[in-house]
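Visitor: Okay, handing you the structure first.
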């Protein structure tokens, strides 16, 4: 690089080396800080309108009462050390007749007529910031903290740069008014100075007033507000998780609220930019371990009942997500097969699309067991007949239809209202290990490595596509026409369910894939298998976002419909992960 020399005192010359290096270091830091600055601005601007509106209302009240400044100036007393303290100032109001004696004038000064209080509402002091774990509203019975001076030099709600500027303009205007009234007779001040011994009556705090210190939008700094929005309602401790595959340390149980198990779109305070950031996750944080103590086959999570269901051969254990313990060994319920026989055991379970019904099927059972989750207590509602068949896959539709895939290749359909068999679809042996229902089509895949599409209107196979390896898992995108397959050779394949001639291999692993599931928005999917990892992929490229190691092969997993929790089953334990965006 060619070097240039020029006197540092020359106007318009090259900066000295010390200033130049400092300038370059600042420029290099700009890209790193740009993202956080933009996010902070978005968070702060979202709350600035209501805050500024309240502020300008206060200024407007001040401008309408020119004598309010003089009365507030008399409300400041000076102590022995020069400090100021708040003191009560009475407001004179027309009483309907002229007062002629000095005693009556003093009595009038000591009274606060109700009409005057309505005409001149007082500014409320803002208590110091607190650290609430969740945003709450104060009741009318909450006690006030010690009152602060009316004119607070640094009010707690002025933390942003824009509001700080408005406050400075207001203080400048106040100082000018004080200078204009500085030549007035001081006898009036000495006359009312004795009133400083009176303390203001505690006023109840209103829920939307600036004195509500529990409101995080009023008491937090911009950086604290950014953290408030970035944290989940569950309030987990932030834990960085890189895509290198390092596992998060097991944390203490989290105290999440109902928002974790409810759709974020249903929350009235959710803004558009908050929804957009729930596109792809950044990490998984383990928050709980459920000790099932038997080899897990299937796990399911219900946002409706806020429970996790872990299925093994002997039965299904029900765990309450509200209980906050790091390692839970005591389930709420244990649902067992009604038939007690060594040759009878469960193989799979499934939650209905509305999370109100639990299905369970297995080997040598007389029927698929149906439990009613909407009832006050769990009970076996009915059994869907399938005697002599071994169930290995379950599915259901919103039209009160239940489906099951059996080892002999049969796909059976029941009407849940009558528990009667609607139709049997006969396929090759071991061809119905996986079931996916989409519109009027049933997609099946199994150990014969063939993907089949059954048309429910004609009750026959409309498509067969052969893959290179056995189909171990199936999942359909909730937003697009892509069907995702997990193969025994470790491949992820995307199959276009509408065009039916487009197959994309998007990722390859060294181990068998045992489970796949799309996110609710269809922007990513998660996969588990024999590789001892939970892997998160982006859609549609299949790029690996990050991995989370488990203690052993992950046979099964499930995800809540709002994309907030993932439940995995590895060996004899189920792990609850909080998805961090």
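Each residue's number is its place along the chain shown, starting with 1.
Placed from the backbone N, Cα and C atoms, the Cβ positions cover glycine too.
So Swiss-Prot has the following annotated:
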type	residues	note
COMPBIAS	175-204	compositional bias 'Basic and acidic residues'
MOD_RES	139	phosphoserine
MOD_RES	187	phosphoserine
MOD_RES	209	phosphoserine
MOD_RES	519	phosphoserine
REGION	90-134	region 'Disordered'
REGION	175-216	region 'Disordered'
REPEAT	246-283	repeat 'WD 1'
REPEAT	291-329	repeat 'WD 2'
REPEAT	341-381	repeat 'WD 3'
REPEAT	384-424	repeat 'WD 4'
REPEAT	427-464	repeat 'WD 5'
REPEAT	466-505	repeat 'WD 6'
REPEAT	508-547	repeat 'WD 7'
REPEAT	549-580	repeat 'WD 8'
MOTIF	132-138	motif 'Nuclear localization signal'
Visitor: Please check if the repeat 'WD 3' (341-381) comes into contact with the repeat 'WD 6' (466-505), where contact means 3 or more CB pairs closer than 8 Å and the residues in each pair are separated by 6 or more positions.
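Guide: Contact criterion not met.
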Visitor: Going by DSSP, is residue 519 (phosphoserine) sitting in a helix, a strand, or coil?
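Guide: Residue 519 (phosphoserine) sits in coil per DSSP, no helix or strand.
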Visitor: Across the repeat 'WD 2' (291-329), what does the pLDDT come to on average, as a whole number?
Guide: 90
Visitor: What residues elsewhere in the chain lie close to the repeat 'WD 2' (291-329), defined as a C-beta under 8 angstroms and at least 6 residues from its ends?
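Guide: Distant contacts of the repeat 'WD 2' (291-329): 250, 252-255, 261-262, 335-337, 345-351, 354-356, 358, 360, 362, 373-374, 378, 555-562, 565, 567-574, 576.
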Visitor: What same-chain residues lie close to the repeat 'WD 6' (466-505): Cβ under 8 Å, and 6 or more beyond its ends?
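Guide: The answer is 433-436, 438, 441, 443, 445-451, 453, 511-518, 520-522, 525, 527, 529, 531, 537, 539-540, 542.
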Visitor: Tally every other Cβ atom lying within 10 Å of the Cβ atom of residue 519 (phosphoserine).
Guide: 24
Visitor: According to DSSP, how is the repeat 'WD 5' (427-464) divided among helix, strand and coil residues?
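Guide: Tallied per class, the repeat 'WD 5' (427-464) gives 0 helix, 21 strand, 17 coil.
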